[in-house]
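To start, the structure itself, in structure tokens.
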Amino acid sequence: MSDKELKVQKTDAEWREQLTPQQYAVTRGHGTERPFTGPYLDNKDKGVYHCVACGKPLFSSETKYESGSGWPSFYAPIEDGAVAEHVDRSHLMTRTEIRCADCDAHLGHVFEDGPQPTGLRYCMNGVALDFEKK
């Protein structure tokens, strides 16, 4: 994380107790769900996507779009400071990892091939999200 203190801090045992094995593997272990298998990929309901680990609002359905990637995709977070960016040099490539700004949960990655108005594609793991319908 950055110099900023995390708002939500738990032990590894607490995270394991709270999260399902797949949620833990993705959010705490920086894993990735297989494409086209996670929840919310085809969700068209209006509402807000929250961090599955701490409940922080992350993305609005208003910015969700079909990217064809196999993961829920958004062109912007719900507000500035909702997510944090980190350099990810795994798998012999450099990418920008996206984490929850409050609990440091791994959410996915952001790419510069999204639609306007931002040109960004926040490619998120569905198991890292909870959805609250409006």
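For all residues, glycine too, the Cβ spot is worked out from N, Cα and C.
Per TrEMBL, the features are as follows:
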type: ACT_SITE; residues: C123; note: active site, nucleophile
type: BINDING; residues: C51, C54, C100, C103; note: Zn(2+) binding site
type: DOMAIN; residues: 12-134; note: domain 'MsrB'
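Structural mapping of features recorded in TrEMBL.
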residue : record                   : DSSP (3 states)
C51     : Zn(2+) binding site      : strand
C100    : Zn(2+) binding site      : strand
C123    : active site, nucleophile : strand
Using all protein chains in view, find how many other C-beta atoms are within 10 Å of the C-beta of the residue listed as 'active site, nucleophile'. 23
Can you tell me the CA-to-CA distance separating the residue listed as 'active site, nucleophile' and C100 (Zn(2+) binding site), as a whole number of Å? 13
For C100 (Zn(2+) binding site), the number of other Cβ atoms found within 10 Å of its own Cβ: 25
Report the mean pLDDT of the predicted model across the domain 'MsrB' (12-134), rounded to a whole number. 96
Given a 10 Å Cβ-Cβ cut-off, pick out the one of the binding-site residues C51, C54, C103 that has the most other Cβ atoms nearby. C51
In the same chain, outside C51, C54, C100, C103, whose C-beta lies within 8 angstroms of the Cβ mean position for the Zn(2+) site? V8, T27, V52, A53, G55, K56, A101, D102, D104, A105
DSSP residue counts for the domain 'MsrB' (12-134), split into helix, strand and coil: 23 helix, 40 strand, 60 coil
